[in-house]
Amino acid sequence: SRYKYSNKMYKLLLYLLCVVNLSKQEDDVYNIFPSLPVVIEKSENKLCQQHNEEYLDSLKNLTLWAHEMRDASMKSATGVLRGSIYNLGDFTQCLSARAPFPTQYCLITITANIQQPKSARNPFSLNFQPDELLLNRLYKYPDVSQQSRNVVKMGRCIPASCTPLEIEKFTNDHLNKTENILKKHNVTYTAQVPQILCTSSNDVRSIDGASVTFCVLTATLLLLVAISTFWEHVMEFDKIHKSSFTCRLFLAFSAKQNFPDLNKCESSNKSLSILYGVKTFGMFMIILVHRFGTFVGGTVSNFDYVEESYRNALVSYLFRGDLFVDTFFVISGLLATYNLLNAFEKRIVNPGFIIFMRYLRLTPAYAFVIFYACTLFYQSGDGPLWNAVIGKEVQDCRESWWISLLYLSNYINTQHMCLPHTWYLPCDFHYFVVAVGLVLLIRKAKKCGLGIVLALIIVSILIHFVLIFVYKSSAFLRFYPSFLQNPKADRDYQLIYIKTHARATPYFIGVFAGYVYYKFKGCDRVLSKCYSTTVAIVSTILLLVCIYSAVIFYDPFHEYNALESATYGALHRVVWALGSFGLMYAISFGTLSFLYKCLSWSAWVPLSKLVYGAYLVHFLFQMRESAKARHSVVFNFFDIVLTALGDIVLAFILSLGLYLTVEAPVRRVLKEILVPDKGKGQHSNTEQNTPAKAINRVHH
């Protein structure tokens, strides 16, 4: 009787196991993407085969380390229909699993190859009926604003003895054999396992010679700042200014000298004081837009919300953040022209020397940031996407650093540019070289010089028009997923967005603006209340039109027209630059005292002098946060703004450190060597108007 009872219980348990197994198989059948295999069952690599067998046996025996690996792996894709392509699993748990062999985390890309649906639906519509066929939603339509629903990336924890090629081969074999309901509709699946998306617990991050050199350089600079600051603190003021040349070079690193310089403002022309606020606010917006870009280009789980936002006019300011870069071009052209005209008042300084000084003023801080990107940047974190994002960026910087320091990175090896946001610097440097010649011409023949400026504005507009029209490009660079996930590979970014000859219009309008400010130097108010108000209102309308008209070209239902795109693309930057100049002109020389006081607020002065450093460093930690993501994130505009506020604070704090250790000390050293003041210790107000002083004010 006991035997019969045991036999019945055995058959019952066997039946229940079969039911559970069949139920699980049925669940897998209805998954959009098939579940991935638990282990690699067959491999020509004997060590890989052995480790997987050990892994499977340990899973059956409920061994902790095996279930740490299994628990760290994604079993199936979720959130696909909302546009979530990242199912990351647990990167840290995988690499820290206490297995008897090294483990590795791989991000496997699975693509569902779907034939074009027969239903006659609009491919650009985001509205899907609940009773529609699933394949209609999964199919990759030609709308570049939509995230792919036929691709997912799934994290897997696997023995490190298996190569990515072996993992890919077995996964494809598994996908071909696995039953899935979508296969009845001729859907096939393919898997890819790039080496760059695999990370092993055996990977050792060694500190190479370049990284050691960077650490020594940084420690030396910090030590110099600390010692020179202490030395100046204990010395008397008169002794400092009577000290030797070597002593003055050493004291150039003193924070006691350099920190107060942040609060020094332009006293020769009060109308320029509004630029402190304009520059600072412009940098705030650029940091916000870059935060938006790195967030959307990352592991967003609700991309359907982003797709709807592309078509929402109320948030167009985020999708046209590149226009604030044009404001900086206007300001840069304005300041370069104004300061050069001042420098040439008494005598003509060697143009080659001016350009050389410009190079020396911009390059030290830029070189320091590039040096960091080439060395310790890779050591600053890890994650599923770390090698693909930061590892690739570090490699590009190590290959192209010298091109960047020659300010040719927007023309040479652009697909491997070091730090993609730094395309602005070569453009600005090239424009400055041209501006020096234009100012010399304006000084000698005003009408001829201004006529050439106008001609250059017209030519730059035509160049932009021709490029868009001939290459059938979009009217402007759109922040779509393909661009945000790999900006340096985007055609429009390469062809138009970063090129000096395609972005020159705002700068040359700034050159004209600089001449206007120079002519009105010393005039507090030259515009009537009615005129200044009218100019301000018209300029504001122009700026708003440039921002919110972009929704037309973000609308996928809007049929592409090369002539329309070329016309808009060529003219809208002109309109933005004119609006920026018009608004600054009305505030500087009009009766808009409230706006004048807001933009010339003394708190903006030190922040505006840290804008350059903030521009250099902010994108690094934004990239870092995107690359180290361990899970999918939910997109909403409040979180974007909140995170951007933190970015702004951190960027300006780091910029202060860069200013005190590199930018200001190097500037003082160069001043002592190249343009020393005659008659040390004599301080007069006229010192500010010497050519050397004027040249020193020509800065980004």
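Just so it is clear, glycine is given a Cβ too, placed from its N, Cα and C backbone atoms.
Owing to the predicted nature of the structure, the values given are computational and were not obtained by experimental measurement.
Listed in TrEMBL:
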SIGNAL    1-25  signal peptide
DOMAIN    45-188  domain 'Nose resistant-to-fluoxetine protein N-terminal'
TRANSMEM  210-231  transmembrane segment
TRANSMEM  274-297  transmembrane segment
TRANSMEM  317-338  transmembrane segment
TRANSMEM  359-378  transmembrane segment
TRANSMEM  423-442  transmembrane segment
TRANSMEM  449-471  transmembrane segment
TRANSMEM  500-518  transmembrane segment
TRANSMEM  530-554  transmembrane segment
TRANSMEM  574-596  transmembrane segment
TRANSMEM  603-621  transmembrane segment
TRANSMEM  633-662  transmembrane segment
REGION    678-700  region 'Disordered'
COMPBIAS  682-691  compositional bias 'Polar residues'
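According to DSSP, the domain 'Nose resistant-to-fluoxetine protein N-terminal' (45-188) comprises 57 helix, 23 strand, 64 coil.
Here the transmembrane segment (530-554) has Cβ contacts under 8 Å with residues 145, 310-313, 316-317, 319-320, 323, 474-476, 478, 565, 568, 572, 575-576, 578-583, 585-587, 589-592, 595 of the same chain, all six or more residues outside its ends. Using a cut-off of 8 Å between Cβ atoms, the transmembrane segment (500-518) and the transmembrane segment (317-338) share at least three residue pairs, counting only pairs 6 or more apart in sequence.
Scored by C-beta pairs under 8 angstroms, the transmembrane segment (317-338) has its highest count with 574-596, from the stretches 359-378, 574-596, 603-621. If you look at the transmembrane segment (633-662) against the transmembrane segment (574-596), you find fewer than three C-beta pairs under 8 angstroms, all six or more positions apart, and that falls short of contact. Within its own chain, the transmembrane segment (574-596) is flanked in space by residues 271-272, 274-275, 278, 323, 326-327, 329-330, 334, 457, 461, 505-506, 509-510, 512-513, 516-517, 520, 523-529, 531-533, 535-536, 538-543, 545-546, which lie at least six positions past its ends and keep a Cβ under 8 Å from the stretch.
When Cβ-Cβ distances below 8 Å are used as the criterion, the transmembrane segment (274-297) is approached by residues 265, 306, 318, 321-322, 324-325, 327-328, 331, 334-335, 421, 479, 481, 484-485, 584, 587-588, 595-596, 598-601, 604-605, 607-608, 611, 614-615, 618-619, 622-623, 625-626, 633, 635, 640-641, 643-644, 647-648, 651 of the same chain, each at least six residues removed from its ends. Mean pLDDT of the predicted structure over the domain 'Nose resistant-to-fluoxetine protein N-terminal' (45-188): 92.
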